[in-house]
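So the structure is just underneath, and the comments pick up after that.
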Amino acid sequence: MRTLGRLHLITDTRPGRDTLAVVAAALRAGFDVVQVRPEDHVTDREAYDLTVRILAMCRELDRICLVNDRLHIALAAGADGGHVGADDLPVAAARRILGPHAILGATARNPETARQAVADGASYLGVGPAFATTTKAGLPDAIGPAGVGAVAAAVPVPIVAIGGVTAQNARQLYSAGAHAVAVVGAVSGAADPYTAAKEFLA
Ligand SMILES: Cc1ncc(COP(=O)(O)OP(=O)(O)O)c(N)n1
Ligand SMILES: Cc1ncsc1CCOP(=O)(O)O
Ligand SMILES: [Mg+2]
């Protein structure tokens, strides 16, 4: 299995965002992983087409491409793996579908669910919201760097901190034990996504 990079871009398919241009900018800036996360209203066909295009961009630069929720699209496109949360397939079922070698991320917010997800086959954990965010509605309160650190201390797999991550606060999450951060708005919502992505490399 390939080493998971430390900067993950999650796609933003909300109206007004130029999804592919943002992905290109983030990859050029040095982001290691792109997670394709189509909004729920995006059809499977559209999500598949988007994944194929983003996967080609990732392959060109030898970067990792994951697909959120829709594991059939990850498999059909030949992506490196997928990510599941509480409303998606259970982790063990996702592992059966993706096979033993794919990268499989699972959402966990506390040590107990984290340990279970790893036992069920998760190869990394997405942990958050680390900080307040408006990108996804209905989330519980932010757990902060301490909450991220508590999960990191409980499991042997890489922790990807998510939620309200900026170039300014990312350091706190790495210091708390996160292996990586996952970012939507701080890059996608920036006037200049390339410069915004570069700030994470600094
Ligand atoms: C790296 C990472 N961490 C967490 C999530 C959230 O997944 P989930 O809880 O299933 O919510 P949705 O993203 O599906 O709305 C993630 N996608 N990536
Ligand atoms: C999908 C998801 N899950 C927890 S926070 C989040 C969205 C993160 O977006 P942003 O980086 O804009 O806060
Ligand atoms: Mg999900």
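Cβ from N, Cα, C; glycine included.
What TrEMBL says about a protein is an automatic prediction, not a curated fact.
Marked as domain 'Thiamine phosphate synthase/TenI' by TrEMBL: 7-187. Here the domain 'Thiamine phosphate synthase/TenI' (7-187) has a mean pLDDT of 97 out of 100.
Per TrEMBL, the feature 4-amino-2-methyl-5-(diphosphooxymethyl)pyrimidine binding site maps to Gln35, Val36, Arg37, Pro38, Glu39, Asn68, Thr107, Lys136. Around the Cβ of Val36 (4-amino-2-methyl-5-(diphosphooxymethyl)pyrimidine binding site), 32 further Cβ atoms fall within 10 Å across all displayed protein chains.
Around the Cβ of Asp88 (Mg(2+) binding site), the number of neighbouring Cβ atoms within 10 Å comes to 17. The Mg(2+) binding site feature in TrEMBL is assigned to Asp69, Asp88.
Nearest in space to Asp69 (Mg(2+) binding site), taking C-alpha to C-alpha distance over the binding-site residues Arg37, Glu39, Lys136, is Arg37. Close to ligand 1, meaning a Cβ under 6 Å from one of its atoms, are these of the binding-site residues Val36, Pro38, Glu39, Asp69, Thr107: Asp69, Thr107. Straight-line distance linking the Cα atoms of Asn68 (4-amino-2-methyl-5-(diphosphooxymethyl)pyrimidine binding site) and Asp88 (Mg(2+) binding site), rounded to a whole number, equals 9 Å. In the vicinity of ligand 2, defined as a Cβ distance under 6 Å, the following of the binding-site residues Gln35, Val36, Glu39, Asn68, Thr107, Lys136 are placed: Lys136.
The record assigns Gln35, Val36, Arg37, Pro38, Glu39, Asn68, Thr107, Lys136 to the 4-amino-2-methyl-5-(diphosphooxymethyl)pyrimidine binding site, and the maximum Cα to Cα distance across that set is 17 Å.
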